[in-house]
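> Not my notes, these are from TrEMBL:
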type	residues	note
DOMAIN	1-104	domain 'Ig-like'
DOMAIN	114-201	domain 'Ig-like'
TRANSMEM	226-249	transmembrane segment
Amino acid sequence: MVGSDVKLSCVYPGTDRFDLDDLFVYWQVSESNAVVTYYLPGNSSTGLEDSHYKNRAHLSLDSMQQGDFSLHLRNVTPQDEQKFNCLVFRKSLELGRILEAVVTLHVAANYSMPVVSTPSRPSAEQELTFTCVSTDGYPRPSVHWINKTDNSQLDKALHNDTVSLNQRGLYDVVSVLRVPWAPSVNVGCCIENALLHQNLTGTETFIGPEAMVTDSPVRPQQEGSAAVVSTLAILLVMVIVAVATGCLCRTRCPRRSYTGAHQAQLSASRIRKCGFHLKALPSPQEVGERPAIS
């Protein structure tokens with residue numbers, strides 16, 4: 001892992017013990033032959049190691065006496081991902097080579113948890129744009145977008161991935177996904193680190209205004225029902241007032257005893273006061289003048 005210390009193994013297969021004054025040990029990069037570190041009897045030649053490994057690579061003298069010539073490398077960086085050669089010679093054998101090993105160092109670093117941002121106030125019928133950001137990982141990642149509704153992988157043609165090296169030699173990733181507009185979209189951005197067998201997924205859900213549940217569709221019905229109830233209440237009050245007015249008229253009219261036609265006219269007058277209209281009654285003279293019917 002980047003920033004950690006590692007041990008690159010190079011061990012003599014036998015059980016022999018070695019005299020340090022009889023050994024010449026070299027560690028170097030396979031492709032460039034750059035010297036990583038070395039051991040010479042008496043350290044007569046120092047300062048030949050590559051500057052990239054200076055003060056970071058060393059050998060254990062006690063371990064070498066027991067046949068362990070492993071390289072200890074501190075504070076691993078992405079540039080340390082190399083093939084290294086371990087070479088051991090014996091002075092007593094006229095610098096005959098007694099051990100050679102090739103060790104490959106793989107470097108990895110965890111990516112940050114992907115952060116997915118949603119579209120900012122898109123209008124209907126426009127495409128939706130999601131942005132995924134993850135930083136400080138190694139090696140180069142693979143980027144996948146997932147439809148979280150059914151966990152299906154989205155077509156790679158829908159997203160554009162930008163992977164760049166930062167100042168630490170680690171990778172930063174920015175992926176932009178564009179999908180057709182929909183009232184509700186739930187997606188996930190997956191950053192895959194194959195070397196670490198690691199998948200990090202950040203998710204985000206877009207919910208448009210059309211998909212939000214509100215009470216606005218119910219309001220017209222509620223207002224219509226309230227109008228009907230109000231109308232019925234007004235009619236009911238009018239009926240009650242009419243009945244009460246009629247009863248009040250009956251109560252206020254004085255009760256006197258009348259006979260004949262005068263009583264009939266008085267009754268008609270009372271009826272008119274209570275809001276009813278009848279044809280005028282004939283006078284007593286008119287009643288007397290009518291011919292009798294036999």
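Here the Cβ of each residue, glycine as well, is placed from N, Cα and C on the backbone.
Describe the structural context of each listed feature in the structure shown, including burial, neighbouring residues and relevant distances.
Model confidence over the domain 'Ig-like' (1-104) stands at 92, taken as the mean pLDDT rounded to a whole number.
Across the domain 'Ig-like' (114-201), DSSP classifies residues as 3 helix, 52 strand, 33 coil.
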